[in-house]
Amino acid sequence: MASADELTFHEFEEATNLLADTPDAATTSRSDQLTPQGHVAVAVGSGGSYGAEDEVEEESDKAALLQEQQQQQQPGFWTFSYYQSFFDVDTSQVLDRIKGSLLPRPGHNFVRHHLRNRPDLYGPFWICATLAFVLAVTGNLTLVLAQRRDPSIHYSPQFHKVTVAGISIYCYAWLVPLALWGFLRWRKGVQERMGPYTFLETVCIYGYSLFVFIPMVVLWLIPVPWLQWLFGALALGLSAAGLVFTLWPVVREDTRLVATVLLSVVVLLHALLAMGCKLYFFQSLPPENVAPPPQITSLPSNIALSPTLPQSLAPS
């Protein structure tokens, strides 16, 4: 048991002196310290609200500065850095888009399932370059093989076919999508429900659709005319089907006449490209014009030839 002296009230001189020196100091009792767990009392002075507002303003200033820096770092369309982003694709993405162009299916949109709002120029650029090179090389090889079968055919390397193939393929892969994109933009003003693809998406559609022509051109080395036309028809059907299935969601909101005419023109231009490649790069050269050997005729031995005298010695 505690003694009576221990239970009596004691004054502490240090506390008394402290209160005398600082009469405005806040005091707390022991009951205030015994607060339930999980409850924290926070005392905010008169300047606390201003500190919170300063932090919010500082964060907003940082966000605005970061956005301004990003806008300044974004290159213009006339710079090389702007177009560099369109070549930033990996091999798996390019192969997936090539596979999508080779296996068109109804209801399977190439733009939505393979491009995913990220068109690239890497695939279309190299597909067009490869197709132009393969066209020129196989066209010359066809003439070499024809000369080996028929020596009367005269062959000389035709390097101009590389230029013709490059200009034809790149003009088709860029000018036709440009005209199609412009027409769809114009039809968007007539039919407000239509949402055309962007120009780069249209170029990407046409560029990947030309990939199927590369193996077709290689198979044209087989010197069988009907087999060459069969391979051409199969490649044209796959490529044109991919274009129709991709463009149909855009043009179906328009009138039936406009949609039918537009898709027919797209298929017709594709067919003209395939036929032009077949007829120009794989035409057979005519045989070399060789002069016939002179024919020597012998006269019978019983026919005597009369000698001829010069005109000056002939009798008058």
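Each residue, glycine too, has its Cβ placed from N, Cα and C.
Within the listed segments 16-37, 104-125, Swiss-Prot records region 'Disordered' for the stretch 16-37. Relative to the membrane, LEU221 and THR255 are recorded by Swiss-Prot on opposite sides.
Taking H, G and I as helix, E and B as strand and the rest as coil, DSSP gives the topological domain 'Lumenal' (220-231) the counts 7 helix, 0 strand, 5 coil. Each of 164-184, 232-252, 257-277 was scored by its Cβ pairs under 8 Å to the transmembrane segment (125-145), and the highest score goes to 164-184. For the topological domain 'Lumenal' (220-231), the model gives a mean pLDDT of 92.
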